[in-house]
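These features come from TrEMBL:
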type	residues	note
TRANSMEM	6-25	transmembrane segment
TRANSMEM	46-65	transmembrane segment
TRANSMEM	77-100	transmembrane segment
TRANSMEM	121-144	transmembrane segment
TRANSMEM	156-178	transmembrane segment
TRANSMEM	185-210	transmembrane segment
TRANSMEM	232-250	transmembrane segment
TRANSMEM	271-294	transmembrane segment
TRANSMEM	331-355	transmembrane segment
TRANSMEM	404-427	transmembrane segment
TRANSMEM	439-462	transmembrane segment
TRANSMEM	505-526	transmembrane segment
Amino acid sequence: MPFEIIDHVVFYGSMAFSLGIGVYFGFWKKSHTSDGYLLANRQMKVIPITISMVASSISGITLLGYSGEVYVYGANIVWMCLSCVVASVIGGCMFVPVLTKLKSPNVFKYFELRFDRRTKILASCAYTLYVLFFSSVVAYAPAIAFSQVTAVHPQIVASLVCVVCVFYTSVGGFRAVVWTDVFQFFGIIAGVIVVAVLGIASVGGVGAVIEKASNGHRLNFNFSIDPTQRDGFWQMLLGSTTTWIFILSLQPGTVQKYLSLSTSKNVTRVMVLQCFGIATISFVSIFMGLIVYAKYDGCDPLTTGEVARSDQILPYFLVDVVRDIPGLSGIFIAGLFSASLSTLSASLNTLGATVYGDLMSLHVFRGIMKDKESLILKLIVVGSGGICTALTCVVQHMGGIIPFAMVIVGLLNGIFCGLFSLGMIFPRANSKAGTGQKAGAFCGVISTFLGVGIIIAVNQWYTLQGASNYFAKPMSVANCSVSVNVTLSRTQAEYEPFVLFRISLWYNPVMGFLMVIVVGMLVSYCTKPDVYDPNLLSPIYRKTCTNPKLSQKYSAGMNSNHIGTYNFERNC
C-alpha cells in the first residue's frame, strides 16, 4: 500500500517541524559560545532532559530490531528491560558522580586526568568510530520501513535522515537537539500505540498473542549458562547491562545532558525517570514482536520471500494492518524517523564536543579556533554527518540491524566500560610506570581491540559461512492461502568451530570489558604504580584507598567547590 496524501502530510510535517526547531535556536536563540552551544548554559530542566534521554536511547534499532529479533529468535531479549534498571543503579552510584563533578562535555578528559593524554586520544578515536558506525545503523533503520511502504530506495531515505538531522543539529546546537527530542518523543509514542493497539485487535486480543507466541516457542526462556547459546537470561543480563551502563552513564551524549542540569539532585531524578521510560518502551517494542508473530503464525513472510530481512517484518505488518486507514502509516513512519533522528542528533552533537575538545588540546589549533568555537563545532557536525551518510551504504549489505550493531558497537561499549572501570574502581591501575615503560590502561585497550576484535571477526565469518549454530525458532507456511515453493537453505554445517568463535554476540561487550580490566591490571601490577587524585575514583571505592601517594596535580580541576562554565581553552 503506497502512502496516501494524509500520510505524506503527517510524515513531511514532522520533518519540517524538526527543521523549524533547529532554525529557531540557530537564528533567534543563537549560542555564540561553546558552553551555550553544547550545554545550554547549564539551565535545562528535568522533564525536557528526561524526555530527550529516553528519545535518544530509543532509536529505530529498538522499534524495528527488537520486534524482528523476537519474531525470529523469541522473547529472551525482554531481559534487557531488567538490565536497564541494573545498569542505572550501578552507573548512578559508581560513575556518574565522578563525571558530573568533572564538568566537561568531553568525558574523555577523565582519561587524561586519571591516566595520560595518549589514553584520552585513543578513547576519543574509538568513540568517533563508535558514533560513525552506530549512527549509520540508526539512519538506515527508518529507511527500511519507509521503503516498505513506498517505492523509494532505502539509501535515498537514509541520506534524507542524515541531511535533516545534520541541519538542525549543526544550526541549533544542544537546545535544538533537546527540544526536537521532546517533539519526536511524542511521535515515537504515537507510532508505538498505533501499531500495538491495531495489532492486538487484528489477532484477537492479548490472550491470543500470548497463546500463539507460547505455542510457537517464542516464550521459551533460556536460563542456560552455555556461552555459545545465542540468547538467554545470562547473555542478556550480562551483555546488555554492560551496554546500558555505557549508554546511561558513560556515553558523552548522556553526560552532556546531565551537565546541562543545574544540580546533582536533578541528575538523579533524570536517571530514575529515564530508566522507567526506556524500560517501558523497550518492553512494548518487544511485545510488538510477539504481536507480529501471532499475526503471521502459519504463514511466515520471511520463508515465503515476501520479506527479505527480519527487521522489515514490522513495516510489512504495518502495511497489512492499517491498509484501509489513511494517515496511520504516516504516524508510525514519522514516529520511527523521530526515534532515529533523536538518537542521531544527540550522537552528532556530542561528537562535535569530543573532536573539538581534542583539537583544542593541541596548541597549534588554539589560536586559530578560540574565537570561532561555534563555527568549528558546526563544521564538525556537518562532516560527521557526511561520513555517516556514506557508511549507510555498508549497512544495507549486512544482515539484521541488531546483530550488526552488537558486533561493532557491542565491542566498543565493553571497551569503554572497562576503561572507565579501570580508572574509577581499581586505584592500582596506572598509565605510565616510568620512562619507556607502557601504560596498563593503554595496553588493555589495544589488546582488547586486537584480541576480542579477532574473535568477533572470525565468529561473524563462520556465521556467514553457515558454520555457527542457528538458533532461529521454527517457522511455518502451512496456513498460507496460496501455494508456496520454499527452498530450505538454513542447514547445519558439517563441522563446528572452536568454542571461542561460537560465543553469543551478546557477550561481545562483556569480553571487551573483561579483557580491558584483566590486561590493564596485569600490566599495572608488573610495573611501578602511579600517583593519582582520589577524586578520580568512584565514591564507593574512594574510602578504601590506602595508597598514601595521592597526586594533587588535578585537584584544582576536580575540587568539589569548582563552579562555573566549561571552557575548552582553560581545561584543555
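For all residues, glycine too, the Cβ spot is worked out from N, Cα and C.
Values in this document were obtained by computation on a predicted structure and should not be read as measured data.
Segment contact is absent for the transmembrane segment (439-462) and the transmembrane segment (77-100), given fewer than three CB pairs below 8 angstroms at sequence separation of 6 or more.
Using a cut-off of 8 Å between Cβ atoms, the transmembrane segment (156-178) and the transmembrane segment (77-100) share fewer than three residue pairs, counting only pairs 6 or more apart in sequence. The recorded stretches the transmembrane segment (404-427) and the transmembrane segment (6-25) do not share 3+ CB pairs below 8 A when only pairs 6 or more apart in sequence are counted, and are therefore not in contact.
The transmembrane segment (77-100) is in contact with the transmembrane segment (271-294), judged by 3+ CB-CB distances under 8 Å for residue pairs 6 or more apart in sequence.
The stretch from 46-65, 232-250, 505-526 that makes the most Cβ contacts under 8 Å with the transmembrane segment (121-144) is 46-65. Two recorded stretches are said to be in contact when at least 3 C-beta pairs lie under 8 angstroms, sequence spacing 6 or more; the transmembrane segment (46-65) and the transmembrane segment (6-25) fall short of this definition. Against the transmembrane segment (271-294), stretch 185-210 shows more Cβ pairs under 8 Å than any other of 6-25, 185-210, 232-250, 505-526. For the transmembrane segment (6-25), the residues of the chain that approach it from at least six positions outside its boundaries are 31, 149, 164, 167-169, 171-173, 175-176, 179-180, 183-184, 187, 326-327, 329-331, 333-334, 337-338, 341, judged by C-beta separation under 8 angstroms.
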